[in-house]
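Notes to accompany the following structure.
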Amino acid sequence: MAGRKHAPRMRELRDGQNDSNQNSQNDSDGLLSAEPSQQSYLSVPSSPSSYRRTRANMNQAGGAPDERTSLLGTTRASRIRIASAHGTPRAPNLSRNQSYGAGEGTDTVRSNPPTRHHSRANSWGQRLIRALADRQEEPVSEPKGSVFPDDRVWYDQFTSTDWVHDSIADAHRVKALRSRKDFWGRVYILFDGAQGWILSALVGFIIAVLAYIVDVTESTFFDFKDGYCARGWLISEKRCCPHGPCTDWRDWGEVMHGWPFGERWTEFVIYLGLVITLASVSCLLTLTTKTVVPSAYRLSTLDENLAAAPVSPGGNGDDGGDSPNGNGTPSRRASVAPPAAAPSMIYYSAAGSGVAEVRVILSGFVLHGFLGLKTLIIKTVGLVLSVASGLSLGKEGPYVHIATCVGNIACRLFSKYDRNDAKRREVLSAAAAAGVAVAFGAPLGGVLFGLEEVAYFFPAKTLFRTFFCCITAALTLKFLNPYGTHKIVMFQVRYLIDWEYFELVSFILVGVLGGAAGALFIKASRKWAVTFRRIPIIKKHPLLEVVLVALVTGLIGYWNGLTKLPVAKLLYNLAAPCDDRDNNLEDLGLCPDSKADIPPILWHLLWAFLIKGLLTIITFGIKVPAGIYVPSMVVGGLMGRLIGHMVQWLVLAFPDTAMFSSCNKVSSVSCIQPGVYGLIAAGSTMCGVTRLSVTLAVILFELTGSLDYVLPFSLAILVAKWTADAIEPLSIYDLLTEMNSYPFLNNKHKPVFTSELIDIVPRVRRERIIDISNSPLVPATSLRSKLESLHRAGELDGGLPIIRNDILVGLIPAPDLEYALDNLPDESTALCLMANVPSIDDSDDEEGGGRRDPTDFTPYIDPAPVALDIRSPMDLVYELFVKLGLRYICILRDGKYAGMVS
C-alpha cells in the first residue's frame, strides 16, 4: 500500500500510457493542459486558494512570504512531518487535515506581512513549551514495513474538523499503544490515561491565576481614575481604606489643589481623560489582532459589531504581474484579477467576548490564531484596560475565550491532544466551562454552561473532567482571594429572610420584563450596528468609535453614583440585602428607612436604568475585549430593584391587606427584599440575551447559596426564556453565528424539512469527479484544475469522488489533494496513482527502506466515504451531519454515484 511498494508497477503503467495521457489532457474529463493560458485565470475569484501555486513556486525559489501571501495556502516547508511517538506501531493512514485548534501558528493575513504558516515551529506557544512537550523527533524515513506515510496534513483556515476520521485515528493510536506488552509500554498506557486529568488540573489552575491577575489589576486601574493611595500607587481604594473613607486615599482634585478648574471639575476632567485613554489603549492592542478574510467567503460580518469593515481588494499593494520571487516574470497565479465587487472582510480575534467563536470552534470549525498565545496575551491585557476604563462591559464573557486559549495552548504538551482535533476539543470544552466557573464563582454552573451553550460533543468522560477542571479553578481562586473577602466573585450575596407566597406574582412579572429586555437588547444592538457602524468613517476607523463611546460614557456616567461604579460592584449593591454590617456595600441610598424614602430611590434607579441600558447597547461590539453577561445583568438588576421597591412601597402603604398580613415588619421596613428582585431580574435579562436556562438557575443558586430561592430563580428564568423566544428567536450568540455565516449546524434545534435529498443534490459535473475507468493514473494538471474548481466554489474542505465505471470507489479530500500536489517534483508531467494496483513484486528488497513515491496518492484517499441513496429522507442526512460530524456525504442512485452534499 505504501507508495514505494507501487513504484515498479507505476513505472510500467506510465511507460505504456505516457504518450496517450499527454495527448488526452483536454478530454471529456475536463483536464487542463500543463501550461494553461493566462485567460483561464482571469475569472478566478480572489479566494483563499488564489495564490497557492504562487507560494509553491515561491518556496522553490526560496522567496519569503509578503503581503500577497495566501491566507490559507501553505508551503511545503510549512507542512509538518510527524513521527510516531515513543516507537509505538503506527495506525493505518488516515491523513486528515489536523487543526491546531485555532492555534497560534497561523497563516492568516494580519495587518502586517505574515511570517507564520501552518507549521507550529514558529508559534509563540510552541517555542515556549517545546522543552516540556512529550513528542520525540525520529528519523524522517519510515521503518520498513510501514503502511502509511509520515506526512500529516493540518486543518486549513476556515475549514471544518473531520470528526469521524479523527475518532478512528485515535482508536488506532490506542490500539497501537496497547500492543506494547513490555513494562514501559504499560507505564506509558497509564501515563496516557492520566494526561487528560493532568491537563484539566493544569488548565484550571492557570485560568484561576489569570482571573486573579485580571481582578486585582483592573480594580486598581479603575480606582486610579479617581485618585491614588498614598501608601502605594498600585493599591486599590478598597485595600487602601478597607473600613471606609480615610486620609490615605487622595483624590485628584486634592492632589492638584483645585487647579485649573476647581476641585470638582478638575476631578471630572481627569476622570474623563483617563476613561478615553484606557479605552483607546485597549482598542489599539485589540487592533493588532487584525485578520483579513478573503472575499471568497462572502461574509457579511465577522465580529460582534455585526458590521465588519471591508478591505479593498487592491489594498496592501497591487501585485500586477510581478512574480513573488521578484524576478519580474509573471507567475501562473499572479495574473488572477480579483473582482472589485468582492472586498475582503476583517475581524479582530481579541475583540468582543469570543463566546460565539468558541462555540463554533468547538463544533469543529477552524479559526487559526483565535486561540493562540498572542490572542491570549492581548486579550488579557486589553480586558484589564477596557474594564478599568469604566465602559459598560464585563470581564466574565472574555474569561471563556481566555480560558479556551489556555486549554488550546496546554494541549501542545501532549501529542495525544496536540495531533487530534477531536481530542483537543474535549480539553477546550473543559477550559471554556472553567472560564465560567471563575467568572461567576460557580463550578456547577460552569459545567452546565459547557453542556448547554458551547460544547458540541460532550461525552460522559468529558463531563467528569470538566467538573474536575472547574473545581480546580474555583478552589485555586478561592485560595488566591482576589477581593480580600474570601469570595470568588464580588457579587456573591446571602439572603437570610425567606420569600412570601404573594411575591410569586412579582417574580413572574420580573421574569417577563427581564426576558423582554434581553430580547429587545438584541434587536437594538443589531439596529445600532447596521446604522451607526455602517457610517464609512466609523467603519474605517474602529478607534474613533471607541473614543466616542468612552466620551459619552464619561460625560453621562460620571454624575450618577450608580453608573459610575464598576459593573460587578454595582450588581452586588443592587442584589445584596440592606445590612449596616456589610462593609462591601457602597453608600448609594438604596436602603429606605421608611415609605417616604422610596420615591427618590425609584427616580434614582430609573435614571440609572436608562443610562446603563443606552451605554450597554452602544458599547456592545466595539473593538475592545468586552463581555455582555454582567452588563446585561446590571441593566436587569436596576429594573428588578425598581420593581422590588415598588412592591416594598405597596406593602408599607397597605399593611392591613389580607394578602400582606403574613409579611412581618422589621423596624419600619417590610420583609420585602428589593435585592432579591434585583438578582432575579438580572438573571432573567441575561437569560433573554443568552438564552441560558438551567445554567443560569444554578449560577444564581451558587451566588446566593440559598436553597430557599431556587424556586423563584427557576420560575423567573423559565418565564424569561419563553418571553424572549417569542420576541426574538435568536440569542445574541446565535445571531452572531448566523450573521457571520459560520458553518455551525445547531444540534439543539432540529429544523423541519420540506424538501427531499434529491432536491438538494447538485448535478454531477465532470470537473468535480476523478474518473479512473480507463486508467488509475491521472495527470497532475488535471487534478490541479479540479482542485481549483472546488476552491472557486468556496469548498475549501470538500473533496473529489473517485469513480470507476460510474461506481464510487473512493474520495480524496481537497486539502489532502493540494498537499499531495504541492509535494510533486514536477507537476506538469507527473502522473498520479489514484487507486491500488495489484503488486507485481512484494519483496522487501524492492523497498530497501526508501521513501514513498510522491506520485502515489492512494494514502490520501478515503476508500469508504459515507454514502446514502438519493431517496434517503432529509432527517437522516441531518442526523448524520450532526451526530457524526461529517464534512460531506456521497449520494448514490441504484448503486452508482449521483452527487455529493456538504
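Placed from the backbone N, Cα and C atoms, the Cβ positions cover glycine too.
Taken from TrEMBL as is:
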- 1-123: region 'Disordered' (REGION)
- 18-29: compositional bias 'Low complexity' (COMPBIAS)
- 36-51: compositional bias 'Low complexity' (COMPBIAS)
- 187-214: transmembrane segment (TRANSMEM)
- 268-288: transmembrane segment (TRANSMEM)
- 308-337: region 'Disordered' (REGION)
- 322-337: compositional bias 'Low complexity' (COMPBIAS)
- 376-394: transmembrane segment (TRANSMEM)
- 427-451: transmembrane segment (TRANSMEM)
- 501-522: transmembrane segment (TRANSMEM)
- 543-561: transmembrane segment (TRANSMEM)
- 601-622: transmembrane segment (TRANSMEM)
- 634-655: transmembrane segment (TRANSMEM)
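By the Cβ criterion (distance under 8 Å, sequence gap of 6 or more), the transmembrane segment (543-561) is not counted as touching the transmembrane segment (187-214), fewer than 3 such pairs being found.
Scored by C-beta pairs under 8 angstroms, the transmembrane segment (427-451) has its highest count with 187-214, from the stretches 187-214, 268-288, 376-394, 501-522, 634-655. Where the transmembrane segment (268-288) meets the stretches 187-214, 376-394, 501-522, 634-655, the count of C-beta pairs under 8 angstroms peaks at 376-394. Note on the transmembrane segment (634-655): residues 392, 503, 506, 509-510, 513-514, 517-518, 521, 562, 567, 570-571, 574-575, 590, 592, 594-595, 598-599, 601-602, 605-606, 608-609, 612-613, 616, 663, 665, 669-686 of its chain, located 6 or more positions outside it, place their CB under 8 angstroms from a CB of the stretch.
Under 8 Å from some Cβ of the transmembrane segment (187-214) lie the Cβ atoms of residues 86, 177-178, 180, 380, 383-384, 387, 395, 399, 402-403, 406-407, 410-411, 413-414, 416-417, 426-427, 430-431, 434-435, 438-439, 461, 465-466, 468-477, 480, 482, all in the same chain and six or more residues away from its ends.
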